[in-house]
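Peer 1: Here's a structure for you.
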Amino acid sequence: MEAQEPEKKYEFEEEWIQYQGVWTQVISLKREEPNVPKEKSNIDKSKLMFHSQMKQKHYIIDKLGLYEHPRLILMGHSIGARMMLDCIHENTLLAIGLTPTIERMAITPRGKDLTPHFNSYIQGLFNLQYLGDPNESSTDSNDNDQEPLLAEGEDEGELKAKFVWKRKYGACEAIGRLLSEACPDLHVIVLAFVALFIAAGSDLFNPWFIGKIINDIVVNQDVESFKRNIFIIILVTISTGVATGCRSGLFTLVMARMTLRLRTKLFRQVIKQETSFFDSVRTGDITNRFSADCSKMVDTLSLNINIFLRSMVTIVGSIVLMVKLSWELSLLTVIGLPFGFILGRYYGHMWRVLQEKIQDTLADAGSAAEEAFGNIRTVRSFANESGESDVYEEKCQLVYTWMRTKAWYMGGYMSGNILISNGLAAATLWYGGHLILEDRISGDTLIPFVLYQLSLGNAIGSIGAVYTGLMEAVGSAERVFQLMDRQAAIDLSEGEHAPAKIEGKIEFRNVKFNYPTRPKQPVLQGLSFTAPQGKVTALVGASGGGKSSIVSLITRLYERNDGDILLDGVDVRKYTHESLHRLVTVVQQEPVLFARSIQKNILYGPFEVDDVDEAIENATKMASAHEFILNMADKFDTQCGEKGQQLSGGQKQRIAIARSLVRKPCVLILDEATSALDAASEKIVQAALDRIQQEANMTIILIAHRLSTVKNADQIVVINQGNVVETGNHDELMTKNNHYAKLVAAQLAESGQNSPQKTLIKEKVVYKRVVTNSSSQKDYDISPGTSA
Ligand SMILES: Nc1ncnc2c1ncn2[C@@H]1O[C@H](COP(=O)(O)OP(=O)(O)OP(=O)(O)O)[C@@H](O)[C@H]1O
């Protein structure tokens, strides 16, 4: 090979690094040097990783999760185009790099010919800025003015979404954004601020009149002046009290309104995220943002703005009045001021860091608790209560560790603050005493001055704490806005409204798919089949073959990578989310009901029917649920309990079937609808499903492990490892004696009956005899030619 391509010269630096316990060969391509002798022969191409900036290395490995099987990272400058093409032609590498474009290639199956994409791309340099430093703020791909390279079936929004997620906010940006969220309550906020200024301004006069009153009694003994000043101080107190009450009430109201708005906005945004997003994040992490983060950011922001403004009024007013009382003492005070600021700033920074850690570990602990309580039946049935408690305690210990650090910092901050303000007061008393003794200031000056100085110290301390508090709000706001700004990879509002009625023919044409969370594991590999309108198509095959994934793609829970999924010849992506789910409904293996009444569960989701009562009655009758619902005390108003726990498995499933039928769908998908039920419930539900299959005029896609439930299907599609391996009706497939017949044989063997495979190659009569003479439960009638 070297002899054939003498013009290819590269210069490498080789190094091994140990990353997360895995030794990784790192080959740095220094630059493309046409005249440097080639040193390519010793390189293990399966472990190639090129880079030009070593400091980025660990981050790259971490970000792309490459420490297990690094293939190739193309980064830095002037990576040789020919080199890349070589690698790809030889089908040995994945191309992974820095721009959104190249990162996308990381999830392109190894071995795919990427040459056409590269040809349009390799003229340019690969620019480090798109991946960015982990410590830098933004990795938004919007800056990329080059044409992004998109995998087939992927749109730009999808790439953008990946980059916007986890974007870093600056403190000012987060606060600005938070304040902008308060705009709808501007009128209340203005009133609150007016009250705040009145309260703070009135409060400012207290020390002044306290000094005067003491002077009236102790020094001048002037009763008239004493009475007048007492009257004034009563007015000041009333004004301060009323204004403080208004300020406090109005700010609390604004906080409540803002939290309500942010929470609902966040929820609306999060619920629209694509399914794979929920696969990759912890539920506790999300719910924590709704509960702890939302209230924290609003409460802390409001409280601290409140404190900040109050303190600012106090600081400015105190300084003015202090200078008026004595400029010498004021000068002394000014010397102490910077210490307060420095202290506040340092602790503010630490506070933010610690708060983030605490919130993260808290979310972790929340997830653990949620998982344990959500799966309480499993926990109980494995008697693992103490195991779960240990897991939770471990997570809480981590929270505690960070809280403990925070406690130390808090202690340090408080001590420092008191030391600075009280130390200053002591120095003032000492110096002020000297000034009085030397007759440089009057006797009624020192007391109000010290009082002003104390409130100045408190106000400065509060402003230091404001910074700290604001940083807490920023930490929470950052987490909330990250989530709020995330663009869903699938826009649910896009598309046309589907017609009210369609025939319901479904076609898969060469569909390729992998779950976004597992980019290297192809699930469907060019799968094609047609489910004819008004017929029952059964999908069968080994576990993990991709049957449920097919359902997820029809209903657009996930997006296919390649190929077409058509509903009556129209790409399912053309229809809006809402109208698609009106036409296509799914009954899942685990019937999921909400903690609402039966009626509300049946009428779940947006759809229109002429007569709701009639529609519910028809749907529940068809689902064999009508009778048992009417036998319940509260009938359709019966509460189902959390996840439908107050109903039996069979009842839940029949309600779930009614929920699907009430929309009068054109396509009904039954995904292992009976497999989670006990034998008695299964029989009832199966009877309902059989009736639906016979009576309902709709396309039905049926997934079932128990092959006895699919034998009446008009068409059976056998799926294996993401491919269709056989199609036909039961009789045709049994005659073929291949995949389907093997599945049947395996199931019969499991249930103790003879293998049809053996019997199929025998005479028809023998085969029939085997079945009809079987003493075991005849779950499956394998007689060729028998369709019942
Ligand atoms: N949400 C998911 N994220 C990542 N991988 C998934 C996800 N769901 C399924 N898979 C994987 O996709 C492959 C196909 O799964 P799928 O559920 O479609 O198979 P199936 O044929 O329906 O299996 P079964 O008959 O056991 O239900 C499996 O390897 C599975 O591990």
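Each residue's number is its place along the chain shown, starting with 1.
Each residue, glycine too, has its Cβ placed from N, Cα and C.
Because TrEMBL annotations are produced automatically, they should be read as predictions rather than curated entries.
Note that the structure is predicted; figures quoted are calculated from it, not measured.
The domain 'ABC transmembrane type-1' annotation in TrEMBL covers 190-472. The feature domain 'ABC transporter' is assigned by TrEMBL to 506-746. The transmembrane segment annotation in TrEMBL covers 186-210, 230-256, 305-323, 329-348, 407-430.
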Peer 1: Output the single range from 186-210, 230-256, 329-348, 407-430 maximising the number of Cβ pairs under 8 Å to the transmembrane segment (305-323).
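Peer 2: The stretch with the most contacts is 186-210.
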Peer 1: Same-chain Cβ contacts of the transmembrane segment (186-210) under 8 Å, 6 or more residues past its ends?
Peer 2: 229, 232-233, 236-237, 239-240, 243-244, 246-247, 250-251, 253-254, 257, 306, 309-310, 313-314, 317-318, 321, 447-448, 451-452, 455
Peer 1: Could you pull out which residues elsewhere in the chain have a CB under 8 Å from any CB of the transmembrane segment (407-430), counting only those six or more residues past its ends?
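Peer 2: Residues 329, 332-333, 336, 339-340, 343, 347, 350-351, 354, 446, 449-450, 453-454, 457-458, 460-461, 464-465, 468.
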Peer 1: When you scan the chain for residues with a C-beta under 8 Å from the transmembrane segment (230-256), skipping those not six or more beyond its ends, what do you find?
Peer 2: 182, 185, 188-189, 191-192, 195-196, 198-199, 202-203, 205-206, 209-210, 213, 298-299, 302-303, 306
Peer 1: Are there residues at least 6 beyond the ends of the transmembrane segment (329-348) whose Cβ is under 8 Å from a Cβ of it, and what are they?
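Peer 2: Tertiary neighbours of the transmembrane segment (329-348) are 319, 322-323, 409, 412-413, 416-417, 420-421, 423-424, 427-428, 431-432, 435, 441, 449, 453, 456-457, 460-461, 463-468, 470-471.
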